[in-house]
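Asks: One structure follows; several queries about it will come next.
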Amino acid sequence: MFMYCNGVIVLTGEYMAEKNKNKLLNLPFIALTIILIIYLIIAAILYIIRPLSIAFFTNKPEIIERASSILLLVLFTSIAQPFFEVAKFNLQAVGKEKIALVITGVVNLLIFGVLIYLKQSSELNLKTILLLLSCNYLVLYIIFTLFYRLEINKTIH
């Protein structure tokens, strides 16, 4: 994923120099599509051979069994991370790394607050944590994408 995101930075710089608004607006979609296709292929393989893939990390049967039972949930919620990463790299590529950092900090603090509240009310479990992490990534993706598009529209007419 990160090699494609680094490619996004290079291509964003190139398209900014060309002032090619259309390519700049399409680049995140293309990068995300490539990353998601690769992610889904790898996730499918890992899920199909889940006991074997988990046994690569541990040989304890109880851990292999438990990890196998939650792998689908982990793979499903992890699919949100590429959205965040591509949008973050796009925003950084147009010189808005400080905005990306501040927004990430604020959203992470809000999610952290929700986690603390759920912990206090005894409603916190692994499924909730994974879903909140996924929501965190998707909220950041939406905000970063809005800022990226605003910057492109402001910079290139």
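Keep in mind that glycine also has a Cβ here, set from the backbone N, Cα and C atoms.
Taken from TrEMBL, the feature transmembrane segment covers 24-49, 69-87, 99-117, 129-148.
Tell me about the setting of these features in this model.
Replies: Among residues of the same chain six or more beyond the transmembrane segment (24-49), those with a C-beta under 8 A of the stretch's C-beta atoms are 1, 4-5, 7-8, 11-12, 15-16, 71-72, 75, 78-79, 82-83, 85-87, 90, 145, 148-149, 152, 156.
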Asks: For the transmembrane segment (129-148), what are the same-chain contacts with Cβ under 8 Å, counting residues 6+ beyond its ends?
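Replies: Distant Cβ neighbours of the transmembrane segment (129-148) are 28, 73-74, 76-81, 83-84, 86-88, 90-91, 94, 96, 99-100, 103-104, 107-108, 111, 114-115.
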